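Here the structure comes first, spelled out in structure tokens, and everything after it is commentary.
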Amino acid sequence: MAKLLSCVLGPRLYKIYRERDSERAPASVPETPTAVTAPHSSSWDTYYQPRALEKHADSILALASVFWSISYYSSPFAFFYLYRKGYLSLSKVVPFSHYAGTLLLLLAGVACLRGIGRWTNPQYRQFITILEATHRNQSSENKRQLANYNFDFRSWPVDFHWEEPSSRKESRGGPSRRGVALLRPEPLHRGTADTLLNRVKKLPCQITSYLVAHTLGRRMLYPGSVYLLQKALMPVLLQGQARLVEECNGRRAKLLACDGNEIDTMFVDRRGTAEPQGQKLVICCEGNAGFYEVGCVSTPLEAGYSVLGWNHPGFAGSTGVPFPQNEANAMDVVVQFAIHRLGFQPQDIIIYAWSIGGFTATWAAMSYPDVSAVILDASFDDLVPLALKVMPDSWRGLVTRTVRQHLNLNNAEQLCRYQGPVLLIRRTKDEIITTTVPEDIMSNRGNDLLLKLLQHRYPRVMAEEGLQVVRQWLEASSQLEEASIYSRWEVEEDWCLSVLRSYQAEHGPDFPWSVGEDMNADGRRQLALFLARKHLHNFEATHCTPLPAQNFQMPWHL
């Protein structure tokens, strides 16, 4: 009876992965807390095949879940319609509640029938035995066997806790349960007295901004967190997970962040290979509709690096919602996991981000300054210009206030706090992070990210002449035009390197540098072009085109 109840309440099982001969362990006594007999290899080659009763019951419950999601998103309009028609009176609501109660009882009965179907399936009974044994005792053998199953990630046991590193238990400067530290935006009206009257006056605007951010804004910014989209992508995500586990020997893990969100991760270890880049770990930060199963992790994997992918809060197996604070909390526990559980030193970690993942990447670079390098592909400097692009002009004040207070993705500000090597990859046909049209390459916000970084690190070089010549170089729409501008100013790379190395030897590596202070205009132009070319590479593609492995290069450094 206990096993039947476990089958009724247990998670949905999607796939049983192929077992590798080298990973098979000796058979042991089944249904014990420490180990469970592994299935025969013949059953490890396909998706889990439910019996007819479980299959049909699952379909009914899945359909009910979709209807509930649609009802949730359309509830404001439905309530308004019902109110106008007079259906919200007590005489109408009571019968409706009876219908709803009856429907819930029917769905509970369907869930019990699904449990009976699972109970009659030896594959599911074996899986639930392994899952229960792992929850009781997270031994390496139990976790190894559990990793051979792909199931609803909510039931996966936590593998790493944000407080697990001993240094955090002893330190008071680490993150609290409220979250890690973020850079806060400056007040919109500086110098205004923060009196009670002013607070009352601003309250309606603050309430409106909060409602916009937590309803329309968050879902527009992170469409991958919408349940219906995840439901539609589920087959693709399952295939991607199977590829990472079966072909790349990936290891899935659940991390618990300081805000209580559970973060879904996948680690591919290449340290045992002959390729030297396998000793380096690339932590990948996905876009606003990207998942590690089908996202940018494929680029460093093809290049031979060890890779750690993770899903945003609210994406696939990760819980929560993807607001900036939750995003930073998730990134923090991912980096801690890489250092304290996977055994990588910060100097061996590379942060790689695509698109909106630039926020968590730059936060990690700011918060963990010893990481080896940062690579930002198709990213931007600040969210406000991109948000204004897609919203009506009459909403300008509301959009700016909402972004600054609730969705402040200040990539450039965070990146300027990092002292290490940086490479920016600009998509020359990017249709997402341009503020006009894709053909207008100067409206690409990657340009602004580069300019802000160079102006912070080399303020004397990026004075009027340097800034002007870099803008000309950024306007080039082809490699031929780039080379033409570069040669027009007769950039001597050996001279630029010698100037920079001499300054570094005399003043140290910490930015900002005052190099170029006593230099003529031509010298500053040469240095500005040299530095721009070293920090930004062009890739002739649209925003969502996968980056080829040959374009995944380590950033330049002296």
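Positions of Cβ are set from backbone N, Cα and C atoms, glycine also.
TrEMBL annotations:
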DOMAIN    3-152  domain 'Phosphatidylserine Lipase ABHD16 N-terminal'
TRANSMEM  60-84  transmembrane segment
TRANSMEM  96-116  transmembrane segment
DOMAIN    281-408  domain 'AB hydrolase-1'
- For the transmembrane segment (60-84), what are the same-chain contacts with Cβ under 8 Å, counting residues 6+ beyond its ends? 107, 110-111, 114, 227-228, 231
- Across the domain 'Phosphatidylserine Lipase ABHD16 N-terminal' (3-152) the predicted model averages a pLDDT of 82
- Count up the helix, strand and coil residues in the domain 'Phosphatidylserine Lipase ABHD16 N-terminal' (3-152) according to DSSP, in that order. 99 helix, 8 strand, 43 coil
